[in-house]
Structure formats: C-alpha cells, structure tokens
Amino acid sequence: MPFFDYRECQLLLFTLKSCVDIILYLEVIFYTDLGLFFLVLTLAVGLTGTKLGCAEGGCGACTLMVSKYHPHQNRIIHHAVNACLAPLCSLHHCAVTTVEGIGSVASKLHPVQERIAKAHGSQCGFCTPGIVMSMYALLRSNPQPSMHDIQEAFQGNLCRCTGYRPILEGYRTFTKDGGCCGGKGQTNGCCMTNGCIEEHVNVSRTDIQTPCSVFSEYKHIFFMPLDPTQEIIFPPELMVLSIQPQRELRFVGERVLWIQPCSLKELLELKATYPNAKLVVGNTEVGIEMKFKNLLYPVILAPAYIPELNIIQHTQDGIEVGASVTLTVLGDVLRAAVKKLPAHQTEVFKAVLEQLRWFAGQQIRNVAVCHVSLPEIKSKRVLEMDDKFFPGYRKTILKSEEILLSIEIPYTRKYFSAFKQSPRKEDDIAIVTSGMNVLFKEKSNIVQSIRISYGGMAPVTSKCISFTQSLFDCRQWNEELLEQACTSLAEEMSLSPSAPGGMVTYRRTLTISLFYKFFLTVQHLATLSVHCVFADCFTLFPCFQAVPPGDNSDDVVGHPIMHLSALKHATGEAIYCDDIPCYENELRLALVTSTKAHALIKSIDTSDAMEVPGVVAFISAKDIPGSNLTGPVFNDETVFADDKVTCVGHILGAIVADTQAHAQRAAKAVKISYEELHPVIVTIQDAIANKSFYQPVRSMERGDVAQGFKDSDHILHGKMHIGGQEQFYLETNCTVAVPRGEDGEMELFVSTQAASKTQALVAKALGVPANRVVCRVKRMGGGFGGKESRSTILLAFFFRTKRPVRCMLDRDEDMLVTGGRHPFFGHYKVGYMNNGRVNALDVTLYSNAGNSMDLSLSVSRALFHMDNSYNIPNIHGTGYICKTNLPSNSAFRGFGGPQGMMIAESWMSDVALSCGLPAEEVRRMNMYKEGDFTPFNQRLDQFTIDLCWEECMQLSDFNMRKEAVEQYNRQHRWTKRGLAIIPTKFGISYTAAGALVHVYSDGSVLLTHGGTEMGQGLHTKMVQVASKTLGIPCSKIHITETSTNTVPNTSPTAASVSSDLNGMAVYNACQTLLQRLQPCIDKNPKGCWEDWVINLSANGFYKYVYFNLGYDFNTNSGRAFNYFSYGVAVSEVEIDCLTGSHKNLHTSIVMDVGKSLNPALDIGQVEGGFMQGLGLFTLEELRYSPDGYLYTRGPGMYKIPSFGDIPIELKVSLLRDAPNEKAIFSSKAVGEPPLFLAASVFYAIKDAITVARAESGLTGPFRLDSPATPERIRNACEDKFTKLNPEKNHGFYKNIKQHNGF
C-alpha cells in the first residue's frame, strides 16, 4: 500500500517556510499530475519571486537553488535547478532556497541581488530572480568564480531586455581577476579607490582610452562585500535524516503514482509490478513529454539514490559512470581525470567535456542523467554503443528485462574528435553531430582503423561502415585520401529532400566539412575545430554622456539613476500580473484553439471535456453578450471563431475550471470537426501567387525614376527575404478579471501595453459602456509591441461565470496565438554610377500580415525607411500587405522600419560589390546631409548621422581594424573575418498623452501617467521629470500603476515615444501645481517643500503641436515624423567557412538620443535593442509546416540570443552636444532606433562570406537572406565541398524550409 511519511514531508517544506501545513503539500500532489515544485511556490506557499517563463527548462526564469547531502559524494552540494521541471517528490530531504530566501528590500539585500540592480542589469525584471539564483548557486559552490564559470552558470538563463552586458559586468565584480573586492568602507577601503585596482581589473581593459570605462561607472557605488560564512546553513534536521538508512517513498497524485525505491532490488521488483513505469531522475525529458506531448505516465519510478546507479570508478579501460550520475558530476569527474592522466589517454574525455559544455543549460545538467529506463535485470552484460545500439528513433537494443546500470567512457585510442553544429552555440539542439577516431600503424601515417559516426543524418546514429572499410584500409593519410573520402561521404551520407528536419544540403555538406576538420586536426595542418570559433572572455565598454558643465548636481535628469524597481526585481518582490494573490472562488481559464489553418467549423464536442474534474464551463462565440467582432484598428477579427477558422491557433473557445491543470486537460479533450478549405496560404510567395492582399496598396515616389535609370551607368536587380520574429517577452500574456457584482462592472489586471484599447475592446465584447471596465497595469515582464494589440485576445472570456478568472498563457500557447514580427520580401532595381553613387531605385516590399490586419497598416512604415540614411534623387516604392493563414502578425520593436532599412542595405551592398569599392565609402558617399529631403518630402534638420559616423569610426578604430581583418583573411583559408559600418535613421511620431499628479499634505507625491512600464524604465524617467520640475527628491515621488480610472484614453506604450509623450504631460501637470503653489512660496520664500504644500491635484495633457502631423500617400505631402533618431554601428565578425558558425568579435555603437534623461537606462535600451536585432538578423527563425503549423514554439526550438552571443568587445557611446528641441528636456526616443544597428553584424558576415567566395573565384553580388543562420552562411561560402552536394529544388521539405513566413 502507498504510504506518506508525514514527518519527513513536513521537513521537506520546513526549509522553505516553517508554517506550511502538510495538508497543503498533499493537496498540491493531488491536483497535479507530477506535483511540479513551481506550483507549490505559487499556489501553496505564495512565494512569487520564482517566475514561470517557458515550463520546459529553457529560459531559467524559474531557477532556484537545491541543497542536499549526497551520500555517494559524502558532502553537501548546492546547485541551480528549474522549478518548472522539478517534481516536488524529488526534493525529499532537500533544502530549497528561492530568491526571497537570500534577501529582501525590507530587510537586507544579498550582494548578488544588490550588484545586478546597481549595475543596471535589470529592465523588465521577469528574468532577474532566475539570474540571481543561478549566480547565488554558483557562489555557494565557488565563492571566487572566473568569468568562464559565470558564463557557464548562465547558459540556462535568457534575458530579452538588457542585452546581457550589464549583468556580466555587475557580476564580474565577484571574480578574483576582474572586479570589485567588495570592500568599500572596510579595512583599506575598496580596490577601486585605494590604488589596488590592478589586482582586480584586466589590464587590457584599462589600456583603452574611452570617455568612460565601465569601472568608472561603479567607482562611486558602494557594494556590500560577499561573506560566504554568513550564508544559510544546510538544515541539521535534513542532515540527520539524509544519513539515516534510505527507505521507499511513495506519493499518490490524481493520475500519477510516484515511487522512490532505495535499492536496486526494490527497483527491479517495482519494474516487474509496473512494466510500463517511467524512470525519472531529473524529469528533463518526461516532464516535457507530459506537458507538451500530452503523454501520461501513471507510474513514475525515481532511482536517483540507488547506490549501484551512482557508481563512479576508474577501470583499466576508462571511467565507469552510473546511470543516475548527473551530467554536472560527470563533468567534474572527467575534468579531474584530464588534469591527472596523460594527455594521450584523455582525448575522449576532453571531447565529452566540450559537448557537455554546450549541452542544455547548467540547471538541466545539474539534474539530467544518461539513463535508459527499461525493466528487470537477471544478469549483467556489456554492450558496445555502436551502430546497432540504436535500432530506431529513441529506441535501444536493451531487452525488456534489462536496465542500464552504468556507462564506461574509454580512454583514447590515438586521435579522437567530436563535433556538434547547432543554430546557437549555447543550449541548442544539434543539426549534425559527429565522433571520429583514427588509429595509425606504428610509426607511420598508414590508417590501421577508423571509426566515423554522424548524428542528425538519420533517425539513429549513422556509422560510415562501407565508407571506412573500403576507403581507409591500409591507406596513407594524405590529400589524395581526403579527396576520395569527401566524394565517398557525399555518396554515402545522402538525405531525401523530404527528410525530417530539413536543411538537407547543409547537413550533407556538414558531414564532409566536419570530416575535413578532423583531417586537418590529425594532419596538424591547422588547429581548427568547431568550438575554437567561440571565445569565453568579454570586454565591454558602455560610455555615458557627461553631465554638462553648470548643471545642478541635484538635478536628477541626465544622471544614470538605477531603475526604480531594480531592487524589487532582484529580490523577487516586484509584482507581475500572475503574482496577484488568488481571489476566493477564483477560476482558471485555458484556450481551445484550431488545429487547421483554413476550415469551416462543423461541430464542437465538449462532452469529454466537461467530465474532467473541476470544469465549470465551456465558453464560445454564442456566449458573447456584446459584439464578437474585435480588432485594434479594423473590426476584422472575432473574439471566438464562429463558423470558420483562418489559422492554426485561431481561438474557438475557452474552458474555465478550478485549476489550471484541469482547465488545460479539458481544453485538450474538446473535439472539433472541420471541413478543410483551400487554398492554405502560408508564405508571401503563396499570397503573391493567389493575389491575396489587404487594401490599400501603398506607394511613394520622388523624382523621375525612369529618367534616373536612363542616366545611370549600371542597373542591377536583387531580392531579399527577412524572416519573422517572436517577441519572446519572458512574461507571457496574462489577465486576472474580477467582476464587481453590479452594473456590469469589471476590473481587469492585465499585462498589456494598451490599457485604454483593452478597456474599449472588453467593454464592446461585454456590451457595456467603457466606464464599467477598469484596466490596471502594474508592470509587464517585457512587451516589445507584442502586448499592444494581441494581449486583448484574453480579455472577453470572463463574463459568464461571475467569478474571478485568471489566465496566463503557457509559452507554446502564447507563441501559437499571438503572432510576431512581419516577415518581409523585397525585390529591387537600382541604377548607379561607376563611382557607386545611386541615381535611381525602384523597390517593392511585401509583408506577411497573417489572418487579420491588426496593426499591419502601420507596419507599412517600411516604405518610409526604404532609403535608410541615403539620399536617392529618384526613388519609387510600393508596399503590399499579404493576407495569409497564419496568426495575425503585429507590432514589434521597429514597426516595419528594420525590414525596410535591411533591404536598403542589401542593395547598397550589391552596388558596392558590383563597383568593387569599399562598402563604407559607397555608403558614406550616398548619405544624407543637413537640409536634404526624404522620399516623403520631409526636410532633415538637426541631422547628426554624420557626427555619429565619424565618432563611431574613431571609437571602433575602423581603419586599423580593417587592416587587421585583411591581414587575418590572407593568413586563413577556412575562417574569415568581416567588417561593416551601418547607419540608421528612424522616424519618431506621436500624438497625445495625459498625466495626473497628487500632492499630499506630508509632501509626498503620487504620480500617474498614461504609459505602462515594461522594463524600459518609463516610470523611472517620469519620476525624474517630476523631480526636476517640482524641485524635490525622487524619493518623495511614487508611481503605483497605470489605470484607466486615473488617466483615461491613453495612447499605447509603443513606437518609442512614451517618454516624449508622457514626459511632457507630467511636466505640464507639475507646472500647473507649481503655479498653484506660487502664492504659498511667495509667503514663505525661505521655507521648504513640506512648508509650501497643500492638498493639490492636477491633470496634465500634452499633444504634439510643433508641426501639424499627417502624411498623405496620394499627394506625397505632409509631415510624417516629428523628428528622427540617428545611430551608427561598426561590427566585426569571424565565420567558420566549413560549418557556417560565426562569432561576434567587436561592436561599437554611437547613438544620438538627444540629451539623455537617464544615460544608464538609455544605454540599456541601446544594448537590448541591438541584441534583439542580432537575433532577428542572425539567429531567430520561425518555421511553419505547409499547413500553417508553427514548429518553433518555445525556447527548445526557437532560439533567442543568449549570454554567449554578445560581442566579445562591445562599446556603446551616446552622442554628445546634440539636444533635441522637440521633446522633453531635449531628449530623444531610444527604444526602437538601435535595433537596426545589429544589421552591422549581418553585413559583416556578408563581408566575410565575400572574402571566402573570392577564394573559390566567385565575385560580385550574391543573395543572403535574413537571418544569416549557419546554414545560409555555409551554403553561401561555395567551395569544393558544397559542389559535392548541389542543392535540390524539389521535395516536401523544400516547402517547409521556405515556410518561415517568406
């Protein structure tokens, strides 16, 4: 019979919160399938610091520290784990530390929390607790880590806001070789003030003269020292229990039985009793299957502590590792062996270590094991892991009565190499892997034996048997053998054009390229390897604007003030929508979505769903009390699909139940019958073929384009695709709806950028006036445009139950239903002169809007950026908005501008290549000048891009860098470096905003404005504006939230203009207050703020009236933008011509933000925007099936930039002495403009490819679509190996490969 050890279970939770009752613990187990620890934190204990970002262990937002006494290692270990995957039952006898447990704002901060906040390493803050806990866990195990250790610890953490630089810089201060001693105010003071900085700072950094190095940013900041002796101890009660004899432990859930046996005998008996039971140690695989594949394993066996499965022993032939040994422990064992044993014995160990380094994140490696779950054992046998070990996909040759006990990793047999090629280096699934081993006859280069295996070329590992046997037998290891081997590999490693996974040409080429790398390594002709392309150390230089002479030092505007919520972010005390405590009788909601892209709805069967325990209702279109039509601009969408679905993910209805688990299970049980319709339009090419466009078709023209082409010396044609992009805000869309019980009143707590639009659409769906609906926004965990209009999809589902309802989308749901950045396709015709001067341009742009217009008409601003920063006298552009069967694409940082500018840089690059001129000279020659007119006839005044250009050339040492790149390329054949300098001109336009300021009798000020806080620091800047205007400290001013019942009819927080708009509204309100207070000031001129104040309240309103905005496409007249933001970036990259991998060596950015309101926040926006652009142009790909199904749903398949993707050297400078008279305190918008500067990385890659192609005799323009993935880079570097695998233009996967929205 199952039993519960109540005493021990209570101790399990004792380390988290001593007052938790065991009944809570059991209830959590009962109503969840696996009792994930994250649910205990949020539902039972109420600790909300640990965040849920993906539910698959890929983002690190839920990171916490688990401590336990490990009997087989005889020590206490501390490691970071993902709470979203950790079963509560697996934490028996463990001490769990969350971000709340190490410090708080109210009591005392931990140095880990303090330093990330003071280093400006937190923006939206949703990822911050997870990053804090990853660093904390590292310091508990290693109090003096290296930067390599820190980077490795963060491989499982993602941040979408900061760009990572400030996080690394803040935590560099913990390293013994690169940061602060933590002793300011202590004996002898701080290393940064007592002359001992050389001991703590990398000298190479201090040698570089910059306006402000990163260390001067910290020199006036007090850092609490780290004292390891003051950390929380491991609970003695758990220590006592841990050393006692183990016994079987069982937990019974609603649908799952969890059993933890204590001996191998018990395990085998249980396996005989439950033959279909799953063995789980880290839950990194089973947890994913149960969550996302809808699989159910009724019995789980947890053999983590069985002695025989934790064995580690050295044998005569290698190291034997038990099947329950975690990958982290395995890595420690192998590293120790590499240090101790002779080098010739440890090549396999080194290769395994290199692969472990790039396998998953640290949190996964801490719990994941190499174990196979199969039944009973009667006798031991040893199997070689050869080509017969895996007979099929995810299958082994182990018999049903066998279980894996251990794996032996052998010593090296001479030369051995292992390779992994993936889209992103850190924490990514391999495209192709390989292991190669060659043994030569004694004292010769005659091959005695060779083994070569590939992963990713078949459902199972492929061993090149015929290739190795027939070709290498007694052959010399020379160039002749290489040529024959490559030809033979091309024949043997063939793939069908419809092979799962696609990238057929690239994968086949990789098999040859990786073998060539192995050949070179063995031949000692080069030291090249896949991993050597990547570096570990970063040199980072943010450069702030200096405070102008004469400015009041008490004036907070222009100072790098820390984000006002940064400390709360770091401690987990910042409240997000889903952190709001549950209401009494609260229900959970789960969406029911379409599985067809284009079909009629024949029937919806909810009978099975209603049988799921806890289900209250199914809501569909017929239940909407008001209008089912919705949409942010055009009413071309529905709250629920009524008779037809037009995309996969189209919302059909919703299930409301008592728990999220029940609601989601019931939603999956709803059965829908469809009648499929044709055509299914997925790509831009499909839309063009079917003439599926939204109206209107926009066009813009200036000059005489036809004559311009006639007058040109040359004309070229070109095309370019730019893929879509997921916003990937760490906090998914979330809403809590609370009916107020009378007059149809509804209160909404929403994660949205558009509070007023949300209010209006919900009121419309409910059939009530807008004054009955209040929308509140405390803060968001990122937005980037994705919560401007698509967040409204959750908001009309809560009326029927008359009870509070909560819905937070899972990551895969959010990516499925919300859409993202518009994919673009452009083709162009360019007329130019011999010297590179562009004389005429005709460009046609197509954007993939999806199944509704949403904000796609605004995205047509791509036409306004088709020139980027170049003065083309004769120019014509046309823009088409494609109607497809994808979820509606929407706003995303840049609103079509980056796509338009990207295509502009494509034709500019083509012109430079055609003329054989340096690209930087051609770009500079064609650049606008002060007073020039744009294609939409707007005069450019206060034009600063030339200043940005010159400063960026100096900051990057462009000319010296170019010489070094050319020298490198002459010396290396299979790696090439590229360099590019790219400008940006981004138009800023806005309308109106409001603010409300209360002054209380104690002198405190409550400030409310129409903008929402999503990490950009808007609230911080608004407090700075109010502080400067009122002349009082920031500490007297507070912002609680954004709410439609305080500031109505607000503009969405979007288009980079929120500081401009709301800043002026706050300024106006404060000026009104000062005017009212003036009589009090006059009566008591020597008094202070508290003496003058009376109960006051003032509204502020601002509408841009400097010029009458309004552009007319028909007449090409009117003012489209208030002003422009400018910037320039230089980037240097290195590509691996054999694999297509690249590393970002250097980036220098100079950005014109006017007179910065807060340089720290603005630097953060520049870096964050740049890294988001880096993902857009080099990494992130959305992949769809021909039927419109999104494959890339979540961090497992969709890869955003990680810590390892930032440039090794990064310099950011804000342009000085460039005030902007058209915005608050002479500042400029900063959110969107920097994103496009990441195109400098793309065109640096293209420059490197150009050099590689020249080695093969290929010159002139060539097409490179965005993003520049390893596949595209490798295929563009045409050489003798790619010729062995010509691309085939047929087959099923050809369609899939193109179905990334193009």
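One is the number of the first residue shown, and numbering goes on along the chain from there.
In case you wondered, yes, glycine gets a Cβ from its N, Cα and C as well.
According to TrEMBL, the protein carries these features:
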TRANSMEM  22-47  transmembrane segment
BINDING   C54, C59, C62, C84  [2Fe-2S] cluster 1 binding site
BINDING   C124, C127, C159, C161  [2Fe-2S] cluster 2 binding site
DOMAIN    251-470  domain 'FAD-binding PCMH-type'
BINDING   L279, V280, V281, G282, N283, T284, E285, V286, F359, L404, K420  FAD binding site
BINDING   Q753, F784, R893, A1055  Mo-molybdopterin binding site
BINDING   E788, R861, F895, T991  substrate binding site
ACT_SITE  E1232  active site, proton acceptor
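Of all the binding-site residues listed (F359, F784, F895), F784 sits in the most crowded Cβ setting, with the most other Cβ atoms within 10 Å.
Mean model confidence for the domain 'FAD-binding PCMH-type' (251-470) is a pLDDT of 84. All protein chains shown were included, and the count of other CB atoms within 10 Å of the CB of E285 (FAD binding site) stands at 17. A separation of roughly 9 Å, to the nearest angstrom, links the Cα atoms of F784 (Mo-molybdopterin binding site) and the residue listed as 'active site, proton acceptor'. If you measure from the Cα atom of C54 ([2Fe-2S] cluster 1 binding site) to that of T991 (substrate binding site), you get 36 Å.
L279 (FAD binding site) and E1232 (active site, proton acceptor) are 48 Å apart (CA-CA, integer value). Cα of E788 (substrate binding site) to Cα of C161 ([2Fe-2S] cluster 2 binding site): a span of 17 Å. The Cβ of N283 (FAD binding site) has 26 other Cβ atoms within 10 Å, all protein chains considered. Take E788, R861, F895, T991, the residues named in the record as contacts for substrate: the widest Cα to Cα gap among them comes to 17 Å. Neighbour counts were taken as the number of other C-beta atoms within 10 angstroms of each residue's C-beta; across the binding-site residues K420, R893, the minimum falls on K420. F895 (substrate binding site) and C161 ([2Fe-2S] cluster 2 binding site) are 18 Å apart (CA-CA, integer value). Same-chain neighbours of the [2Fe-2S] cluster 1 site beyond C54, C59, C62, C84, judged by a C-beta within 8 angstroms of the site's C-beta center, are, in sequence order, K51, L52, G53, A55, E56, G57, G58, G60, A61, N82, A83, G130, R811.
Per the record's binding annotation for Mo-molybdopterin, residues Q753, F784, R893, A1055 show a top Cα-Cα distance of 13 Å. Each residue in G783, G785, G786, E788, A891, F892, F895, T1053, A1054, S1056, G1231, E1232 lies on the same chain as Q753, F784, R893, A1055 and has a C-beta within 8 Å of the C-beta centroid of that Mo-molybdopterin site, without being one of the site residues.
For the pair F359 (FAD binding site) and C59 ([2Fe-2S] cluster 1 binding site), the Cα-Cα distance reads 14 Å. Among the binding-site residues listed (C59, Q753, R861, F895, T991), C59 has its Cα nearest to the Cα of L279 (FAD binding site).
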